[in-house]
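TrEMBL annotations:
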DOMAIN    A:59-171  domain 'Ferric oxidoreductase'
TRANSMEM  A:21-39  transmembrane segment
TRANSMEM  A:59-78  transmembrane segment
TRANSMEM  A:90-107  transmembrane segment
TRANSMEM  A:127-148  transmembrane segment
TRANSMEM  A:160-179  transmembrane segment
TRANSMEM  A:185-203  transmembrane segment
Amino acid sequence: MAAAQKNLAKGPVARALASRWAKPAVFVLGLVPLGWMVWLGVSGGLGAEPVAEAVRQSGLWALRLLLVALAVTPLRILTGQAGLARFRRMIGLFAFFYALLHVSVYVGVDQFFDWAAVWKDIVKRPYITVGMGAFVILTALAATSTNGMVRRLGGRRWKALHKAVFLAGAAGCVHYVMLVKGWQYPPFVYAAILLGLVALRYTKSPAAGRLSPSYRT
Amino acid sequence: FQAPLTVSPKDPKMDAQTPMKSATSYNNFYEFGTDKTDPSENAGTLRTRPWEIAVDGDVGKPTTFGIEDLLAFPLEERVYRLRCVEGWSMVIPWVGFPLAELLKRVDPTGNAKYVAFQTLSDRSQMPGLKYPVLQWPYVEGLRMDEAMHPLTILAVGMYGETLPNQNGAPVRLVVPWKYGFKSIKSIVRITLTQDQPPTSWNRSQPREYGFYSNVNPEVDHPRWSQATERRVGEFSRRKTLPFNGYGEEVASLYAGMDLRKNY
């Protein structure tokens, strides 16, 4: 296994992941949903209710990118591509960025900074309470995402704190399940993917066993 | 069509008509999918000719009306506000006739206290029926006096044209003082009953959607506020009016009722 990993690490994929262009490329990819939303906005593609659609799209992208960030480590283990790890922080920060956009459009455009109405929503409506909970967690994680903060908190405490990302993911999924009307399946697809990613971390495959120290972070 | 009839346009700004393109591309019609654009994209498969509505139950003369019979009623234009339970609203010029005119033709008996409505439920025409979003067919109901109220109409057109499929062709109910989901689309059956009939959203979430479902800014939906709404095409929210602004006409129907309980 270790030998296979070494070989893989020298393959074209590993070289691409290690390239100095890889991070800028992921950064640009992370901006694509924003660009798409702006394009829809100016071309009228957000439909008859552009505010509601902007809230919906930004929320969906926050959840999608959060799941992608959570998939990085399992994917690294499964493929043996150690080079994947260095993109995890950026993808996580993009998830936070879209969550921030989601909350900003809701507070600033949908509610037009009516803080009383927003506060009432947060305390009275469970799906907004849960969604805000996810956002608070993501904010804390984004704020402590720098190397300096890792150093200041100490590795062990930092890791413990950043496990809360699963809680944020779960809250995001629950938020989505709770806000739709009737029995709709798309929110459950996101929840199932999250559960799958969590299950992967706690499955003890022989390979994972060997790699376990970093696997559970 | 007869001379256009416009109902209570007290504030001309408030009642600016929603662009037809918005009213025909932003729809809730879950039989064709749950996204707002699904009905306009998928409802092409709905066959609206021939079409029949069976009217039965506690009536002296059970009758099946063909679409030609419905179009033979004197048609009027009614410009109504439509308030969706989700917190958006539109102003739509409907073309139709009072439901009361149809009900009078079938001779309701003294037992008829409620009117039950049913939407078409055909998997070959309605792709959304594959998903158990709601229990199909979609059903709705009104109390007899609500059904006989002059504001309650059966619509066969909008914006001076034949009703588009995504808006509930060929014939739908429009009850302007209630949340939009009460205005059931693509009706195939109307049954007069003695007992209060089941309604789809109430059956799905009784705590969230009552039988009456009158527009009421004081009674919040458990998951969001009903105090404000955004008129489609506008930027900021506006205050929601009791009975969607039709209180003068309909509030007396609910005299003595606790509308917090009977939401």
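Backbone N, Cα and C define each Cβ position, glycine as well.
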For the transmembrane segment (A:127-148), which stretch among A:21-39, A:59-78, A:90-107, A:160-179, A:185-203 has the most Cβ pairs under 8 A?
A:160-179
Using DSSP, break the domain 'Ferric oxidoreductase' (A:59-171) down into helix, strand and coil residues and give each count.
101 helix, 0 strand, 12 coil
Check for me, if you would, whether the transmembrane segment (A:21-39) reaches the transmembrane segment (A:90-107) - at least 3 Cβ pairs under 8 Å, residues 6 or more apart in sequence.
yes
